[in-house]
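*Asks:* So TrEMBL says this about it:
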- 262-286: transmembrane segment (TRANSMEM)
- 330-355: transmembrane segment (TRANSMEM)
- 367-389: transmembrane segment (TRANSMEM)
- 401-426: transmembrane segment (TRANSMEM)
- 432-460: transmembrane segment (TRANSMEM)
- 491-514: transmembrane segment (TRANSMEM)
- 520-548: transmembrane segment (TRANSMEM)
- 560-578: transmembrane segment (TRANSMEM)
- 590-619: transmembrane segment (TRANSMEM)
Amino acid sequence: EKSLSAVLFPGVSPVEYERGELVPIFAELVESHKTQVPYSYYSRSLPFCPRPNPAHARKAKRKNLGAKLQGARTELSPYDLTVLEDTPCTAICEVPLRADSRQLAYLVKLILRQYRVHLTLDSLPVLVKNPAMNYAARGFPVGFTTPPANGMGPPDMHVYNHLAFTISYLKDSDSDEPDGSVRITGFDAHPISIQHEGHVGESVTTCTGSSYPQNNPRTFMTLSDTGTSNIIYSYEIKWVESDVAWSDRWDIYLLGGVNNDAIYLSMINSLMMTLFLAAVVFVIMVRTLRKDLAIYNDLELDLTEEDGQEESGWKLVHGDVFRPPSTSPLLLSVAVGTGAQIGTSVSITLIFAILKIVNPMNKGAMLSAIIFLYVLSGSVGGFVSARLYKVCDATEWKLNAVATAVALPAFLTGMFIILNIFLGIAGAATSVSIFTIIGVFLLWTCVSVPLVFVGSYFGFRAGKLEVSTKTNQIARFIPEKNFARRSIATLALSGIVPYVNMIVEFAVIMNAIWLNHFYYTMGFLFVSILCVTISCIAINIVTCYVQLCGEDHRWWWKSFLNGASAGFFIFLHSIWFLSHRLQLVGMLPVVVYMTYMSMISLCFALYCGSLSFISCFWFTRKIYGALKVD
């Protein structure tokens, strides 16, 4: 049986540590679920200990492009850790805070908005847990509030300035030596608020080798709104041998995350819905159309005259069904090509994750893989866009190639830069440096754009997609529609079916993105995306057939918009998630959330719209190719 760590972290093997070896504890972001504006641990606005001496500091972890775009900051923390050596209470720094200082105001804001500090040791996030209350959470809180002593006014603010670390380890089973190598299997912290007595560098009587600070309401480190608050930060470390295997050390972090039972039920629901829609399409293609074509081609079948009249509408528009759209065929071709490019990059990323080439637990690596594969899939987008644009009897392939290469990246980059300006003003750690933006721009202009031009060139060089019917010079009159054939009905039906197909999986993904849950069920996600793809194709073929039966030949844009409406339902779900699951405080966190969810909804809409159009185009060529038209 494969270990859980082998599944979650493919290619990562246990690290063996020797007694007396120095192991770095890394400080990551200071963030809160109430805001989507994290801060760097060493931000000038935060009153924490300064960076350790660079002469003794180890290099921080290297960050990939995705981690940089996410604003991930991994730096050496001020805590010293030596393998298998307990550290008594040690004061590391003293930070004076005046009542009118900016740092005190920021610290109060962090406490009120429930910010937590995230540390990592041997890739394990620090965990605060209480077995008696069955409670475990990543990161330790900056502080807490208590009711005011006099019962009136604002609450009292207290800071957690002492950390009691507990490092769980497992001895190497292959070593018989008492001081053999060990593997780290747990990284816990117990935050304590204590008003230390003394000064760092002289004597701190409440933090000595024989004293162990405890949480006591009479000795809480309370922030003063008058005068100066001297915060002395300290820590202690205790090593505890554990029987937890290295392969099982992530189990506690997955509690309260993915519900496997719900995922299984979601898969069953998606598969049943997909099979039902596939059966409906099969009935239309094999039975209804077969009879319809037989009647139209003067084959002798035992059918009533009423049946023949009922199913004769779609044949009457054979002279207009392949009439190019009068409204912006360039925009339609660009949208379909971009959707095909998005689908290609996401599909390859999922396959890489299933094959363990990409680590699904590393959000930065996943985002990097999607960006690089999107760039490398530029030839797919250019080819599909050029082929469709040529069907519309257009010849300006260079304009089509430029629009395909520029449209979506320019729009998303513009939104990102505007948001990045506001994040930079707020001092958020997620603000991206200008060098990263320049790197993305060079990746786009030097790799993606040329590949789009290559795909577009071959797309226009290829022969035009032939259709079996000739287009009339004058467009056919479109009769009045009933409710089932109206645009709003088909939009709602075509959008809600793919959304319902992956609603459970999407909810899990939202928890992973915005609530910092771990997500690792890439196999389930691949099956879910596959079901969404099949259901999107099937339902849009059905709606296209219904539209053609109503003698409405304007299916080009409608087929794309019907599929793209699934992105609208994703956006509505994000609004519900914002109002019911998130408790964001302030305007900027809401703007950050809505901006990123708008990007995700737009990309999903383009993908589903592209699928819908390509499937409807194949469907119309198939059924009208079987007609015998003079």
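Yeah, the Cβs are placed from backbone N, Cα and C, and that goes for glycine too.
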*Asks:* Give residue numbers and ranges for long-range contacts of the transmembrane segment (367-389): same chain, 6 or more residues beyond its ends, CB-CB under 8 A.
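*Replies:* Answer is 64-67, 69-70, 329-330, 332-334, 336-338, 340-342, 344-346, 348-349, 352-353, 358, 397, 400-401, 404-405, 440, 443-444, 447-460, 462, 465, 610, 614.
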*Asks:* Six or more residues beyond either end and a Cβ under 8 Å away: which residues meet both conditions relative to the transmembrane segment (520-548)?
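*Replies:* Sequence-remote neighbours of the transmembrane segment (520-548) are 7-8, 258, 263, 266-267, 270-271, 273-274, 277-278, 280-281, 284, 313-314, 317, 321, 346-347, 350-351, 353-354, 360-361, 484-485, 490, 493-494, 497-498, 501-502, 505, 508-509, 555, 558-559, 562-563, 566, 608, 611-612, 615-616, 619-620.
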*Asks:* Considering only Cβ pairs under 8 Å, which range in 330-355, 491-514, 560-578 makes the most contacts with the transmembrane segment (262-286)?
*Replies:* 491-514
